[in-house]
Ligand code: O7E
């Protein structure tokens with residue numbers, strides 16, 4: 001089973017497709033965020049799926065009223081995304097508006113230092129929301145493995161934990177998995193390396209060894 005998600009945060013379509021082609025053997029999924037969508041357009045989602053043949057996560061971190069979330073998510077699912085990432089703090093009606101259209105992943109806690117200011121203090125409420133809404137998965141920080149363990153201990157069985165913050169942000173892939181994550185999201189450590197395929201292979205092997 002593969003547990004690595006590539007965060008493909010480059011601007012250029014060609015570069016994105018090349019990295020996807022090189023690394024796809026080791027990936028469970030590819031995550032696209034605003035940089036690539038703004039740089040290459042929404043059609044890059046379908047092209048990446050055809051090139052890498054893996055699920056596509058659209059990480060737009062939607063945080064709007066239900067109607068606007070629905071309008072945005074509709075376009076993104078139509079473009080071929082398999083999962084759309086939404087913020088939970090806007091409330092369950094906004095999250096459900098996206099879930100009615102396809103699979104969602106809810107942000108429960110983020111990986112950067114500033115996440116301790118506002119998001120971490122309300123994580124319990126966001127976990128409860130996730131347990132009620134039953135998304136495919138939630139986001140938890142690899143930079144704080146103890147928080148992954150905490151979130152896992154409160155989360156309903158079957159909801160996956162995806163964790164960013166490995167490598168460039170200082171987190172460890174192995175520790176994140178041992179703490180209870182299901183999938184590890186890695187960006188710069190792979191796409192900025194001289195040999196993205198080799199880097200992805202190393203992360204894949206580290207993750208396989210951690211199970
Ligand atoms: O640090 P990198 O280069 O390995 O990239 C990490 C990716 O995960 C990047 O796309 C960033 O936007 C995303 N991310 C975080 O780094 N921290 C978070 O808390 C949440 C995400 C993320 O993927 O959000 C999904 C909701």
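Every residue, even glycine, has its Cβ placed from backbone N, Cα and C.
Those TrEMBL annotations? Automatic predictions, nothing curated.
Taken from TrEMBL, the feature active site, for OMPdecase activity covers 59, 61, 64. What TrEMBL records for 61 is active site, proton donor. Here TrEMBL flags 9, 31, 59-68, 111, 164-174, 187-188 as substrate binding site. The domain 'Orotidine 5'-phosphate decarboxylase' annotation in TrEMBL covers 3-203.
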From the recorded positions listed here (64, 65, 171), select those whose CB sits under 6 A from an atom of ligand 1.
none
Candidate nearest residue 59 (active site, for OMPdecase activity) in space, where candidates are the binding-site residues 65, 167, 171, 187 and distance is Cα-Cα:
187
Within a 10 Å radius around the Cβ, which one of these binding-site residues has the most neighbouring Cβ atoms: 9, 111, 171?
171
Quick one: average pLDDT across the domain 'Orotidine 5'-phosphate decarboxylase' (3-203), no decimals.
98
Of all the active-site residues given, 59, 64, which has the fewest Cβ neighbours within 10 Å once its own Cβ is left out?
64
Cβ-Cβ distance under 8 Å to residue 61 (active site, for OMPdecase activity), same chain, at least six residues away:
85, 86, 87, 107
Per DSSP (three-state), residue 111 (substrate binding site) is coil
I need the nearest neighbour of residue 64 (active site, for OMPdecase activity) among the binding-site residues 167, 171, 187, using C-alpha distances.
187
Can you count the other CB atoms that lie within 10 A of the CB of residue 187 (substrate binding site)?
22
